[in-house]
């Protein structure tokens, strides 16, 4: 691809765009998001999408078509952001933040697929075929993105060196400016990004050199992947498909192999070259592997459908089915280009297939971030339908999945709350209430009387007085699972041979053990230690041992080291 001619005015405009992007993101995140979280969900994605498309595509700010594309991108991003905001309302902050990052990844993929079409519509000279320009644009956009990451990384490394050197002589101004001043961080990121894009777009020959390096690597990998493809497909008749169906990750592995085969072929198959860069036997190997690629997709679809039939739809399975659809279209397109040539160079049809696949993926990504293919809704509806039809039992209802599924999941949890059959199990009820109301709801139910009534006293141990129960509720989080009848067991043992028995609380629902000791001076009980409960120690085993008198203590074989009165704990596995 030839160097892009950018006028001085366009370059200054791009620099201003980068600075404005940093400034707007700073205002949205540092100032406005604290008042209303919607500023981040709506403002940041729309701002970054708008400015990124402008930086990657602009040739002249006077092009009306450019502003039409930018308006379309801005409106579409706002629409998808609105849908994300509606989904994540009421979701816990950590999950909402993860959903926003996932949305950012979707936007990045959409941008990489849409940019070649925008750039092609804005180019001044139409001296190459549509696919040839598309192929070059995808390469350049991906490598420009790589240059952006490298430029920002190197810039911040230099700034880190700068600040650390001045810290050596007691000057902390630069460290504060570079790494603790929000406006400087955002403006620097925007400026460096704009400069990196200008450099990469005006020095296309350097980008072409990097492209050739990666193409050579793909040229060496494709025969190896093709050999793997053929060897595995030859092995299948001897092992049978049943071996695949037993593995959860089978569909993912098969789709990954098919994707590698197709993407490497798309990389190596330069539309400017008339033939493949291999000798006869290797060409035959690669073409044969491409012919069997649809078989991998069909087998992956079969393995995936088995899981859907057995367990219903989930977010991952829906995405897997969409990946099957894309790879099936892609692989069958390559299959037809090899088998049904009619004297035509396969690269012509393969180019059309690649263009169609790029549009298909773009449409799917947009639909996934809209009500049409809402993966959360589909997953929750499938899960609840299986429960209501009796295919899933109450114990098979996944509260965690519902909790992480936004509005739809919360509505499903509310319906389970009124389900007497589901709520009759104390543990399920506790998990459900915790998912709906948070841990604070359970902690508020913890009281001295509730603990005294529900904690099981092991045989041979004495029921504590009110002083002990008062000590327990000082940290309600550690004992909130003990509000269920017999969920926790209390055992008395003298662990330090001082004549005063310590009390050990076994919280089996939380897999933890808490040791309490009595302070004779303050006349109070204190939590001395907390550790994880080994899987080998069950409630039944503990109660049986207490009943049979098999509870005791074992002195440690290794003693602690004392250095001039200072004690060094020696904890060795025995």
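Using N, Cα and C of the backbone, Cβ positions are placed for all residues, glycine too.
Database features, via Swiss-Prot:
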type     : residues : note
TRANSMEM : 12-32    : transmembrane segment
TRANSMEM : 39-59    : transmembrane segment
TRANSMEM : 66-86    : transmembrane segment
TRANSMEM : 99-119   : transmembrane segment
TRANSMEM : 142-162  : transmembrane segment
TRANSMEM : 178-198  : transmembrane segment
TRANSMEM : 214-234  : transmembrane segment
TRANSMEM : 248-268  : transmembrane segment
TRANSMEM : 286-306  : transmembrane segment
TRANSMEM : 320-340  : transmembrane segment
TRANSMEM : 353-373  : transmembrane segment
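By the Cβ criterion (under 8 Å, sequence separation of 6 or more), the transmembrane segment (66-86) is not in contact with the transmembrane segment (142-162), since fewer than 3 such pairs are found. For the transmembrane segment (178-198), the residues of the chain that approach it from at least six positions outside its boundaries are 6, 11, 14-15, 17-23, 25-26, 29-30, 51, 55-56, 144, 147-148, 150-152, 155, 159-160, 162-163, judged by C-beta separation under 8 angstroms. Contact between the transmembrane segment (320-340) and the transmembrane segment (248-268) is supported by 3 or more Cβ pairs under 8 Å, counting only residues 6 or more apart in sequence. No contact links the transmembrane segment (286-306) to the transmembrane segment (12-32), because fewer than 3 Cβ pairs that are 6 or more residues apart lie under 8 A. Highlighted: of the candidate stretches 12-32, 39-59, 99-119, 214-234, 214-234 has the greatest count of Cβ pairs under 8 Å to the transmembrane segment (248-268).
Per-stretch counts of Cβ pairs under 8 Å to the transmembrane segment (12-32) identify 39-59 as the leading one among 39-59, 142-162, 214-234.
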